[in-house]
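Take a look at the structure below.
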Amino acid sequence: MYPNSRYILPSLDERTAYGYKQVDPYTKLFEDRIVFLGVQIDDASADDVMAQLLVLEGQDAERDIIMYINSPGGSFTAMTAIYDTMQYIRPQIQTVCLGQAASAAAVILSAGTPGKRLALPNARILIHQPVVASSGYGQASDIEIQAREIMRMREWLEKTLAQHSNKSVKQVSKDIDRDKILSSEQALEYGLIDQILVSRKAGLGKK
């Protein structure tokens, strides 16, 4: 049994005017205006992503930001925080799905700048209705409040996915009743992405 099965990120030695400094791959990506969302979406990861987006806007509001996504999804409210920040800042955002963009991460993928939402050939995109943990206990009025909030979240999700795809709200509502798993080709047809990237060697990819 391995004591630590997680891949260890290498550090890079970089020469500066003050000598050498060690940086990790994520720092190098950030220097190239790349934000990597590779974890579950929760309050902590949302804060990290929002901070990076705001800093990059402050550095240059005219240059694009690239967001790579490989995430199983997560918190609805954390997702909406990232979503609102993406809509708020001035730079255009290219979103690229590597691996998977499930649940909340699928919304983030679709919210990239139109024409700049991409996925690799074997990427997996999953959409479904909001999932909210509930004990099922409490006063009737509290349960009613929770039910109304769940419906509000679902309505927001339906309208938002319809806005960022080529489907109607009615169709999205039907599709998210159960897990809907899309290949990159299916996500392209659905309108959640604009292009499939095959290889940098072959150019941008295919429509």
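Keep in mind that glycine also has a Cβ here, set from the backbone N, Cα and C atoms.
Listed in Swiss-Prot:
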- Ser103: active site, nucleophile (ACT_SITE)
- His128: active site (ACT_SITE)
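Using a 10 Å radius centred on the Cβ of the residue listed as 'active site, nucleophile' and all shown protein chains, the other Cβ atoms total 26.
Cβ neighbours of the residue listed as 'active site' (same chain, under 8 Å, six or more residues apart in sequence): Ser103, Ile176, Arg178, Asp179, Lys180.
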